[in-house]
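Features reported for this protein in TrEMBL:
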DOMAIN    10-77  domain 'NLE'
REPEAT    104-143  repeat 'WD'
REPEAT    143-177  repeat 'WD'
REPEAT    192-224  repeat 'WD'
REPEAT    253-284  repeat 'WD'
REPEAT    337-379  repeat 'WD'
């Protein structure tokens with residue numbers, strides 16, 4: 001490309017999937033050194049011409065060759081090795097607004113697990129307790145029961161009068177709890193024992209009938225989430241005082257050679273797990289065998305699955321986040337995201353937008369990513385003063401993270417809308 005490419009004129013055509021913001025698809029001439037802020041000004045002027053009722057400017061992001069524009073158009077084209085001679089298609093979409101800090105919830109020790117359901121937040125801490133909060137930041141309950149740090153928590157089900165949730169701990173147990181919402185009291189109904197080392201992660205199936213746990217004993221266990229001891233649920237006689245009945249796993253999935261760091265349900269019969277052995281394993285729960293194995297080059301610390309994009313996102317020890325398409329026949333790693341300066345500990349997809357996810361790392365940063373922008377996150381959600389251990393985006397309006405600074409930080413998303 002010529003050195004004076006910055007001053008070169010470009011023919012561009014604007015396209016969008018958001019029909020309310022469509023403009024004429026006739027080509028426009030622009031300077032190639034234009035950046036997204038100037039493209040925004042131009043596009044809003046075109047919108048104003050075609051839609052007189054548009055009262056205020058709309059902020060847009062721009063996609064060129066399926067990647068978000070974060071530099072000048074000329075630099076973007078140069079990086080992609082594209083000519084400035086051809087008419088360029090620029091896709092635009094409404095920019096996801098910056099989340100705003102809402103709350104900081106103090107704990108007595110590190111916050112290592114978090115999960116949200118509607119207006120209720122569960123957190124797990126190194127003080128060996130599970131905590132229930134509402135989204136206004138009020139602390140409802142501190143729940144003792146585990147004898148070591150709580151590393152994983154998840155809501156199971158909700159109805160008008162009671163909620164069921166599950167917690168996993170380094171004490172090797174997972175506990176199934178019932179919370180009487182009106183009376184604000186909690187009972188441990190079942191203690192699940194089947195791991196020989198600490199429980200590191202857990203995930204509840206979409207139908208809330210089962211949950212999966214991953215452990216430092218290198219195994220994944222599948223459990224019934226039923227509150228009653230049905231025939232198909234193995235129950236042990238109590239050999240020592242336990243909270244509630246003691247339950248054994250329905251299935252134990254063996255295959256990892258080191259600790260299991262993350263586990264998620266992909267569908268009713270499929271679970272994916274990530275391990276310190278540099279492997280992702282996709283399991284057939286009915287057969288108890290491995291459907292697929294994906295090798296990485298460093299230890300995996302977390303994995304999350306998006307049914308919206310049919311993609312896996314992973315956190316690793318090498319500072320990078322990777323996007324995998326397990327169905328792909330060529331390169332399984334679709335994209336690598338680089339911005340964290342330390343280990344990435346936790347990753348979570350948006351439940352409503354197929355191109356957005358959260359990451360949290362040992363560099364104290366929480367980042368909100370657009371899958372089409374691999375080098376630059378959309379936003380840094382700052383505030384933590386130590387390593388960030390967990391994050392959650394189950395409630396589309398709330399981006400939540402827990403840290404070694406003993407806090408749970410809540411950011412509010414301005415619009416929790418469906419896919420752009």
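Just so you know, glycine gets a Cβ as well, placed from its N, Cα and C.
Taken through DSSP, the repeat 'WD' (143-177) splits into 0 helix, 23 strand, 12 coil.
According to DSSP, the repeat 'WD' (253-284) comprises 0 helix, 22 strand, 10 coil. Per-residue pLDDT, averaged along the domain 'NLE' (10-77), amounts to 91 for this model.
Taking DSSP states H, G and I as helix and E and B as strand, the repeat 'WD' (192-224) has 0 helix, 20 strand, 13 coil. Counting residues of the domain 'NLE' (10-77) by DSSP class, helix then strand then coil, yields 23 helix, 17 strand, 28 coil. Across the range of the repeat 'WD' (337-379), the DSSP-based residue counts are 0 helix, 20 strand, 23 coil.
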